[in-house]
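Quick look at what TrEMBL annotates:
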- 1-23: signal peptide (SIGNAL)
- CYS159-CYS193: disulfide bond (DISULFID)
- 262-342: region 'Disordered' (REGION)
- 273-292: compositional bias 'Basic and acidic residues' (COMPBIAS)
- 308-318: compositional bias 'Basic and acidic residues' (COMPBIAS)
- 481-502: transmembrane segment (TRANSMEM)
- 527-617: region 'Disordered' (REGION)
- 532-552: compositional bias 'Acidic residues' (COMPBIAS)
- 553-574: compositional bias 'Basic and acidic residues' (COMPBIAS)
- 578-604: compositional bias 'Acidic residues' (COMPBIAS)
- 605-617: compositional bias 'Basic and acidic residues' (COMPBIAS)
Amino acid sequence: ITRMHFQWDWLCLGVLIISSVTAETENEETVDADVEVEDFDKQSQETGVDKDKSSLEVVYQTPKPTGEVYFTETFDGVLAGWVLSKTKKEDTDDNIAKYDGRWEVEELKENTVSGDRGLVLKSVAKHHAISAMLTKAFVFNNKPLIVQYEVNFQEGIDCGGAYIKLLSSSDDLNLEYFFDKTPYTVMFGPDKCGEDYKLHFIFRHKNPKTGEYDEKHAKRPDVDLKKFYLDKKTHLYTLVLKPDDTFEMLIDQSVVSKGSLLEDMVPPVNPPKEIEDPSDKKPDDWDERPKIPDPNAVKPDDWDEDEPSKIEDPDAVKPEGWLDDEPQYVPDPNAKKPKDWDEEMDGEWEAPQIPNPKCKTAPGCGHWVRPMKNNPNYKGKWKAPMIDNPNYQGIWSPRKIPNPDYFEDLHPFKMTTISAIGLELWSMTSDIYFDNFIVCSEKEVADRWAADGWGLKKLVASANEPAMFSQLVTAAEDHPWLWLLYILTLALPVGLGVLFCWPAKKTDEDIDFKKTDISKQITKGELKQEREELEDDEIELEEEKENEDTAEDERREMEETKRELIKDTKKMGREASPSEDEGEGGEDIDDEEEENEVADGSQEEGDKSNKSGSEDE
């Protein structure tokens with residue numbers, strides 16, 4: 001039973017490890033998406049999926065909006081409506097200040113969908129700026145704002161961004177002069193430098209008292225964003241701003257961050273009602289000490305502050321064999337003065353010191369000094385004990401005064417109207433792919449747009465996924481500790497097979513019944529042991545026989561009583577018979593029956609004697 005429990009424990013452990021490896025691989029491969037299955041099924045039918053081929057081939061159709069939109073762009077035609085910036089970035093060296101980064105309209109390098117093209121950032125270490133006017137301006141009133149687009153870091157990303165800016169509407173907005181200080185209302189999208197992975201959501205809030213704008217940043221998402229930057233897949237980024245002053249950020253249609261514009265922005269939209277008085281100063285006699293030395297305490301008369309903390313141990317004895325006359329270090333006898341040694345310049349040459357070899361076998365060398373120990377009379381400098389400060393006033397803080405800049409904006413959703421969209425980026429990595437921009441107010445319209453564009457790319461990418469072995473290797477390259485799990489996963493089935501299938505060792509009982517043991521020679525000690533065992537068996541049989549004899553005597557007495565009873569009964573019957581002949585005949589019959597019964601009893605006794613004899617044998 002213990003062996004079976006042990007085997008089942010190993011089996012359960014193997015299942016758990018295999019499950020953990022599978023779960024880790026799946027987490028590295030995909031991110032859950034909420035695109036409806038019906039959309040993908042319908043899309044597959046419309047594009048004519050060829051299931052017999054190793055990679056998915058589709059006939060691409062440019063997505064078309066299914067409702068009211070404020071802006072859409074698929075980049076499948078000419079780059080109409082987009083304006084390249086001709087200005088320079090301020091406060092920057094002239095050699096990199098110009099927005100001369102190159103843009104191209106191209107297909108994806110991997111998982112290509114024929115006919116589907118996007119806007120690609122091509123230059124490295126250059127400023128890029130491109131923008132376009134919305135079809136119609138979006139006014140923050142009673143409809144949500146939904147901004148959605150696709151990004152693919154085709155070469156990964158070292159340091160750079162892929163965020164968009166929704167430019168504030170103004171009479172002097174000129175897209176040819178779009179640069180980093182152009183007023184915007186909302187900024188949203190991925191950004192990364194080093195190991196800092198971000199998903200920006202920033203909106204510029206107008207102070208109703210001063211008219212100035214302040215940037216309000218959403219708190220960082222709690223999810224790990226690293227995989228979206230490094231897997232070289234196309235990801236869908238969505239921002240939803242609602243009239244109830246809430247927001248949501250989604251990646252691949254899964255919410256990664258959400259919150260309130262009033263409560264989850266840094267710094268907060270509304271300033272505090274009260275602030276500390278900058279002119280208030282702490283009084284000179286303000287006492288912040290919670291404890292003070294007891295002023296009434298007196299140093300004891302026997303308190304000696306001159307006693308040292310350490311003294312020589314008077315009980316210490318110099319170890320036997322200590323070499324007082326031997327130094328710890330001696331000149332190296334094998335050292336020689338260098339040939340280029342100049343005594344006038346370098347001084348008199350001395351051989352380097354080495355440990356005295358005589359000290360290696362002795363307890364020590366040189367002058368012996370008693371070791372130090374703690375001084376039992378040491379008390380240190382006397383200090384008065386601490387007591388509660390009767391004048392303690394607490395930690396001082398400036399008094400509060402009404403905030404002169406206080407205001408309360410209960411609906412920060414009502415932001416500045418937007419009229420254009422732009423990309424103003426710096427990147428140390430090229431080939432950042434953008435596609436399928438949409439600005440709308442209905443989530444259903446954005447979801448349908450995503451299914452027709454990003455959903456198709458996701459379908460093709462899934463069909464082109466490498467084999468399971470390649471996926472496991474890729475996952476282990478990112479997480480080397482997975483190699484250990486792989487080895488355990490492969491070794492466990494072998495180990496379990498050995499535990500369950502390897503022949504078990506013969507037990508002692510099996511060995512006793514082997515045929516070869518019949519002719520095996522028996523030693524004198526073994527023969528004596530067997531004789532003692534046989535004698536014990538004979539004693540047990542004799543005890544059983546005595547018990548059986550006692551039971552047999554009791555049974556015979558019962559049989560004898562029974563026969564006498566039958567005999568008396570028949571005798572009474574003969575006396576009552578009217579005919580002597582019949583009586584004689586009946587007597588003969590009774591005598592025969594009696595003889596038969598006696599014979600039967602003798603037979604039974606014989607049988608039991610035979611049985612006892614067999615048992616004795």
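Each residue, glycine too, has its Cβ placed from N, Cα and C.
No curator has checked TrEMBL annotations; they are predicted automatically.
For CYS193 (disulfide bond), the same-chain residues that are 6 or more apart in sequence and have a Cβ closer than 8 Å to its Cβ are ASP158, CYS159, GLY160. Counted with DSSP, the compositional bias 'Basic and acidic residues' (273-292) comes out as 0 helix, 5 strand, 15 coil. For the compositional bias 'Basic and acidic residues' (308-318), DSSP puts the residue distribution at 0 helix, 3 strand, 8 coil. For CYS159 (disulfide bond), the Cβ neighbour count at a 10 Å cut-off comes to 14, with all displayed protein chains included. Applying DSSP to the region 'Disordered' (262-342) sorts its residues as follows: 0 helix, 15 strand, 66 coil.
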